[in-house]
Amino acid sequence: MSELSVNHLLGIKYLTKEDIELIFKTANHFKEVINRPIKKVPSLRDITIANLFFENSTRTRLSFELAEKRLSADVVNFSAASSSVKKGETLIDTVNNILSMKVDMVVMRHPNPGAGIFLSRHVKASIINAGDGAHEHPTQALLDSYSIKERLGEVKGKKVVIVGDILHSRVALSNIFALKLQGAEVKVCGPKTLLPKHIESLGVGVETNLKKALEWCDVANMLRVQNERMDISYFPSTREYAQQFQLNKKMLESLNKEIVIMHPGPINRGVEITSDVADAENAIILDQVQNGVAVRMAVIYLLASKINH
Ligand code: CP
C-alpha cells in the first residue's frame, strides 16, 4: 500500500492497520532525515500549511511546525487568542479566509470534540486533528505506538496500561484505538470517577489497583489529570490521587520487573509520576517527543500526496 485510505487525519478510528503501517514506514525514513546534519527535504515546497491552535500547546504545536519546515512546506501559525475569533468570527469563516490565501492543509487543535470533523465537511482543505476536546489526539497515539515499537520491536501482543484521567483524555481514546488495531492488549487504570462508563465496550480491561495493573503490563502510559476539563467534584483530592495512582520509585521497585514508562506531557511532577521515574532510563518520554516530529512529517507528507492542485 502506498497511499492512505483517508484524505484527512481526524481520528485513529478512521484509519486502517495498513494506514498505520504506512505512516510508520514513512516515519522511519523521515527519522533518518532529521538525524542528518541537514535535517530538511524539499518534498513539500509546493504546499502551504496553516496551524490553527484554539487551545494551549507546547509539544504538538512546535512538533507540527518543525515537521512542516523539515518538509520545506510554507507555514503560517494562527493563535485564536490574538485573532479576529475574539471579535466573533466563526470557525468556517476564519478557515475559509485563511484558505483563500492559497493554504492547502490545516492542522487544528480545538476545545470542542468533533471540531475537525465539522471543519472537514465545510471547507476545501486537508484537515489534521491536533486534539479536539476530550475526543481524539491521533498524532499523539501514532507517535506513542511508534515509540513502543521502537523500544520493544513490536506493538502486537504487548500489554499496555493507560493510567489516570481516562474520562477527559483524548490521548487515552486515540491510544486505545491505535493499540487495539495493532493487536496490543490494553487496560485502563484510574479512580472510578475518572473512567468512562462502558469503556469495556472498546475491548479494554479495567483495573482500579495501580500495582495490579503495573504487574500485568509491559508498558505504562501515565496521564495527567485534566483539571481544566472537569468539575472539581469528579475527583479525589490531588493528595488522594497521588497516594493511589502515582508511579514512584517504591512502586516500580516492588514490581521485580522492568516496564516501559510513557507520558504524553505536560507532566505534573509529583502527582501522577515522580521526577526520578519520569527521568529514569526506561522512561521514553523524550523519545516520544522526538519521534513526534518524524511521525507528523509522515502524516503530512502522505496527506499532501493526496491533494489535487
Ligand atoms: N502531548 C501534547 O499534546 O502536549 P501539548 O498539549 O503541549 O501539545
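Cβ coordinates are placed from backbone N, Cα and C, and glycine is handled just like the others.
Note that the coordinates shown come from a computational prediction; the quantities given were computed from them, not determined experimentally.
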Per TrEMBL, Arg59, Thr60, His137, Gln140, Gly265, Pro266 bind carbamoyl phosphate; matching candidate in Arg109, Arg239:
Arg109
When DSSP states are grouped into helix, strand and coil, how many residues of the domain 'Aspartate/ornithine carbamoyltransferase Asp/Orn-binding' (156-302) land in each?
67 helix, 24 strand, 56 coil
Taking each of the binding-site residues His137, Arg224 in turn and counting other Cβ atoms within 10 Å of its Cβ, which one has the fewest?
Arg224
A 10 Å Cβ contact count, applied to the binding-site residues Lys87, Arg109, Arg170: which residue has the minimum?
Lys87
Cα-Cα separation of His137 (carbamoyl phosphate binding site) and Arg170 (L-aspartate binding site), in Å?
5
